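Copied over from TrEMBL, here are the features:
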type	residues	note
BINDING	Gly14, Ala15, Gly16, Lys17, Gly18, Thr19, Arg130, Asn175	ATP binding site
BINDING	Arg40, Thr62, Ile63, Val64, Gly89, Phe90, Pro91, Arg92, Arg136, Arg147	ribonucleoside 5'-phosphate binding site
BINDING	Asn96	CMP binding site
REGION	34-64	region 'NMPbind'
REGION	129-139	region 'LID'
Amino acid sequence: MAKYNVIFVLGGPGAGKGTQCENIVREFGYVHLSAGDLLREERQRTGSQFGEEIDTHIKNGTIVPVQITCSLLKRAMESSGKDRFLIDGFPRNQDNLDGWNKEMSDVAKVIRVLFFNCPEQVCVERCLSRGKTSGRTDDNEESLKKRIKTYNESTMLIIEHYRKLDLVSEINAGNSPDAVFEDVKKVLNGLK
């Protein structure tokens with residue numbers, strides 16, 4: 001079986017990952033899998049064996065064990081019937097990366113990492129604004145501080161790892177969504 005082609009979409013909370021993934025899906029036909037959305041859905045699913053554990057991690061701004069996230073990603077990939085995926089918000093730390101390599105290297109190949117680099121203050125303002133309507137329990141100042149700290153301490157190491165493999169495309173996510181998408185299109189058109 002051919003491996004799934006995966007683009008990791010990384011950046012701080014509020015960097016615009018979801019917005020850009022919507023654009024990529026529309027224009028390039030990838031399937032968008034948000035690790036966070038999959039975890040939130042699983043948390044709500046009646047009878048989920050992982051729900052309570054996921055809930056605790058989300059409330060504390062900590063990272064859910066990688067085996068749970070990988071099993072949800074794999075399940076979503078298999079059920080999609082497609083072979084090109086954007087995985088947004090994952091891997092977030094070294095443990096996630098090691099788990100991905102262990103659990104998923106037989107089924108998926110990382111072809112690119114889109115790194116949406118956005119000034120911290122812009123990220124905070126976007127999240128607080130989104131929090132007014134999103135219904136997300138983690139779009140508040142206290143959770144955001146924890147999420148940004150986790151991102152700076154853990155996720156930047158992942159970006160550096162993939163940078164050494166020459167797989168990172170860094171995009172200035174502080175620009176308008178349209179300007180950011182122009183940069184994204186250049187990267188994806190170069191993957192053909």
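Yeah, the Cβs are placed from backbone N, Cα and C, and that goes for glycine too.
Projection of TrEMBL feature records onto the structure.
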residue : record                                   : CB count, 10 Å
Gly14   : ATP binding site                         : 26
Lys17   : ATP binding site                         : 23
Gly18   : ATP binding site                         : 17
Thr19   : ATP binding site                         : 15
Arg40   : ribonucleoside 5'-phosphate binding site : 17
Ile63   : ribonucleoside 5'-phosphate binding site : 19
Gly89   : ribonucleoside 5'-phosphate binding site : 24
Pro91   : ribonucleoside 5'-phosphate binding site : 29
Asn96   : CMP binding site                         : 22
Arg130  : ATP binding site                         : 15
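When the record's ribonucleoside 5'-phosphate-binding residues Arg40, Thr62, Ile63, Val64, Gly89, Phe90, Pro91, Arg92, Arg136, Arg147 are compared pairwise by CA position, the greatest distance found is 21 Å. Mean pLDDT, taken over the region 'LID' (129-139), works out to 77 on the 0 to 100 scale. Cα separation, Ile63 (ribonucleoside 5'-phosphate binding site) to Thr19 (ATP binding site), rounded: 23 Å. Cα distances from Thr19 (ATP binding site) to the binding-site residues Arg40, Gly89, Asn96 are smallest for Gly89.
Of all Cβ atoms in the protein chains displayed, 15 besides its own lie within 10 Å of the Cβ of Asn175 (ATP binding site).
Separation of the C-alpha atoms of Gly14 (ATP binding site) and Arg40 (ribonucleoside 5'-phosphate binding site): 17 Å, rounded to the nearest whole number.
If you take the Cα of Gly18 (ATP binding site) and the Cα of Asn96 (CMP binding site), they are about 20 angstrom apart, rounded to a whole number. For Asn96 (CMP binding site), the spatially nearest entry among the binding-site residues Gly16, Lys17, Gly89, Arg136 is Gly89, judged by CA separation. Of all the binding-site residues listed here (Gly16, Lys17, Arg130), Lys17 has the Cα closest to the Cα of Pro91 (ribonucleoside 5'-phosphate binding site). Comparing the binding-site residues Ala15, Gly16, Arg136 on other C-beta atoms within 10 angstroms of each C-beta gives the minimum for Arg136.
Of the candidate binding-site residues, Arg40, Gly89, Arg136, the one lying closest to Asn175 (ATP binding site) when CA atoms are compared is Gly89.
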